Amino acid sequence: MIRNSTKPAKAAPGKAKTTPKAAKSAATSSKATGTAQAVKASPAKGLGKGVIAVAPPSFRRERALIKRGIWPVAGCDEAGRGPLAGPVVAAAVVLDPKRVPKGLDDSKRLSAEKREELFEEICASAQVSVACASPERINRDNILRASLWALTRAVHALPDLPQHVFVDGRDRLATRCESEAVIGGDGLIASIAAASIIAKVTRDRLMCRLAQDCPGYGFEQHKGYGVPEHLAALARLGPSVHHRRFFAPVAAAWQKIEGAPAEPTGLTGDLFGTPADSGHAATL
């Protein structure tokens, strides 16, 4: 054990005399020290707790490109990377500069009712396309590659191929036009925010249809995410053809059962009336 060998200094013997001038000086010094300590201890005015305002997405970056003669400009985003079941749905949107819907925001910040309202407004005023990567493709390629594939297909399915596309996230797309990755883009760029709404609403509607195809899992409630109710159903019923086989909870459920599910029913591929495959794109 190491002990501190430093001893406190002993007070000088006797009682020190204090003159009125010295007492006044000491009091002033003590007051100043106390004030300095109080300032140091308390936060500066206006730096306490407060609400951080978040500006909504704007059309500013699209307009900057338009002024340079670059048009059409699209935004794209996906919904459904995290769930244990169902497809990834990607959307691409070219907004009309004269009819940018008010209230656009990251779909995760909006209520279901507001998303539905904006979905209809976006479809009525903008060029919109969607593409789905099925659970089969996700199982085969992995979730990232399947998502990028769906995003690329959505861009190429637009009525007019854009000259520039903003994509939410870190990864650029292998599109036939210039693509720009923007981290957090669904909260910054209006076109991406619109795409996030289209993707989210489309996928939610699809999961409600899959709930009819595979009752008991509660897809219409949790949309395939790994909530306790879904995990309980997965343990009780085993994986369905719409589950992503290599996601950990699904893989664990597979280990407890024998055999394999039938091939996908084609419901995912038939959403827009196109032949079933491992994914597809359509214009809304």
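A Cβ is built for glycine as well, from the same backbone N, Cα and C atoms used for every other residue.
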From D106, D141, D160, D168, the one annotated by Swiss-Prot with D77, E78 for divalent metal cation: D168
Least buried by Cβ count (within 10 Å) of the binding-site residues D77, E78, D168: D168
Check: same-chain CB within 8 A of divalent metal cation site center, minus D77, E78, D168: C76, A79, A90, A91, L151, V167, G169, G185, D186, I192, A195, S196, A199
Average model confidence [pLDDT] within the domain 'RNase H type-2' (71-259): 96
